[in-house]
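What TrEMBL records for this protein:
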- A:21-43: transmembrane segment (TRANSMEM)
- A:56-148: domain 'FtsX extracellular' (DOMAIN)
- A:170-193: transmembrane segment (TRANSMEM)
- A:171-285: domain 'ABC3 transporter permease C-terminal' (DOMAIN)
- A:214-242: transmembrane segment (TRANSMEM)
- A:262-285: transmembrane segment (TRANSMEM)
Amino acid sequence: MRAKYVLAEMLVGLWRNVTMTIAMIITMIVSLSMLGASLLMYMQVDEMKGHYYEQVEVSIYLEKSIGDAERSAIKSQLDADPLVKNVIWETKEMAYENFKEQFRDAPDLVNAIGADELPESFRVALENPQEFDKINAAYAGLPGVDTVVDQQKLLQKIFDILGSIQNLSLVVAGAMGIAALLLVANTIQVAAYSKRREVAVMKLVGASNWFIQAPFVLEAVFAAVLGSILAWVMLVVGKIVLIDGKLAALTDLLLPVSWGNINLMLPILAGIGAVVSAVTAWVTLRFYIRV
Amino acid sequence: MTKTYPKASRPSLDDVSVSIEKGDFVFFIGPSGSGKSSIVKLMLHEIKPNKGKVIVNGKEISSMRGWKIPSFRRSIGCVFQDFRLLPNKTAYENVAFALEVIGKSKAVARRVVPEVLELVGLGGKEHRYPHELSGGEQQRVAVARAFVNRPLILLADEPTGNLDPDTSIEIMRLLDRINRTGTTVVMVTHDSNIVNQMRRRVIEIEGGRIVRDQARGVYG
């Protein structure tokens with residue numbers, strides 16, 4: 001009976017003030033979907049780092065004029081190095097084969113390069129991919145070494161771009177989040193004002209505090225949960241239209257965003273939204289209107 | 001017990017000490033601003049004293065924790081000059097509302113509300129809205145709402161302030177009947193007619209102090 005009363009009061013409150021309710025829900029959708037997008041991006045970058053760092057190697061390119069003694073000196077130093085996980089010696093012929101494979105769609109390019117022109121190299125997988133600097137310092141100056149290239153650096157640029165998109169969406173999420181909270185506080189104040197007579201009588205006859213406050217707090221929680229469901233729908237639409245649609249070409253490089261991660265956003269966003277707006281509503285009731 | 005409002009130059013109630021027995025009928029009288037309404041607020045725990053204690057129904061409420069106040073208030077009924085009825089509810093719904101919000105079932109309301117409306121003399125007008133009732137009838141609804149929970153104490157803050165003399169007398173008869181059921185009635189008023197007619201205990205307050213406490217007093 002009491003639950004029914006509280007729910008009915010909640011719906012009456014939302015409906016009586018419907019324009020404000022809609023504004024509250026819209027700001028929550030924008031804020032929560034931005035938050036969800038940046039969380040997804042964070043998870044994505046994490047997954048990509050794991051995926052690519054496994055494969056990424058340091059290439060030590062050798063000079064064309066290198067002698068066998070120098071080559072085997074470098075090889076044995078690499079074999080003994082504790083920073084190195086494993087080493088592959090890529091001969092000129094292997095480099096050419098890989099090159100042909102990689103650019104098989106561009107035969108002109110392949111024809112332009114002779115089998116002899118690509119440098120031989122050691123492809124080195126590191127125990128810890130972050131320790132490129134040490135490898136570079138140890139091998140760049142050795143006789144017979146041309147250059148030491150960290151393939152990770154190339155990826156780092158992509159991660160930096162993703163990171164700044166992520167920061168941008170966090171800023172937007174934060175700004176919209178503040179707007180959403182202010183709207184929650186305002187909506188609760190208006191709702192409490194429109195029911196001030198009822199509230200006064202309830203206090204007078206000794207209705208418990210939670211009973212008086214619950215409908216108002218639930219109004220905010222309801223809006224937050226609805227907002228987070230719609231924000232999740234936005235993320236789903238975003239995946240279908242953008243990531244799997246227009247930007248599908250990019251996902252070869254960036255790895256596809258999994259449905260599992262997208263679906264994980266629903267409980268996370270609903271939880272964050274509900275808790276934050278419930279606290280806001282409660283604080284508003286407690287400090288601004290003393291319901 | 002002393003109560004000073006913030007920003008006030010002198011205490012609203014200055015070292016006042018008064019005790020009211022169970023079943024008493026007490027008038028607090030005095031000019032506007034004398035501090036008599038503060039007594040009602042103190043008894044309801046709407047305000048707290050700066051010094052001293054307020055003990056109601058054997059409980060010291062001046063130091064009561066916030067979450068205990070609602071259940072304490074259920075033992076007190078309240079009537080005000082401005083009735084404080086909900087305009088969009090009928091007489092019956094106004095009284096039932098007081099029961100509903102403290103968790104009583106609709107079945108209890110269906111049994112008790114008509115009874116108490118009958119008691120205050122509103123039998124047959126249960127389904128009128130406040131604007132369809134006279135001032136006296138509205139105050140009866142308010143009394144019914146205050147009494148429906150069978151409180152130990154009925155506080156009345158100028159209950160006849162908005163009523164004509166004849167209607168006021170009727171309300172007083174009603175309060176008297178409630179008092180005879182064993183309910184303590186504490187009434188704040190400056191209606192001399194009523195005080196003189198009832199011949200009950202009169203406590204006169206002036207400038208925050210008790211200047212008179214008389215067992216079967218008149219307005220003076």
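Placement of Cβ uses the backbone N, Cα and C atoms for every residue, glycine included.
Automated prediction, rather than curation, is the source of TrEMBL annotations.
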Residues of the domain 'FtsX extracellular' (A:56-148) by DSSP state, where helix covers H, G and I:
41 helix, 22 strand, 30 coil
With DSSP as the reference, give the number of residues of the domain 'ABC3 transporter permease C-terminal' (A:171-285) in helix, strand and coil.
106 helix, 0 strand, 9 coil
Whole-number mean of pLDDT values that fall within the domain 'ABC3 transporter permease C-terminal' (A:171-285):
88
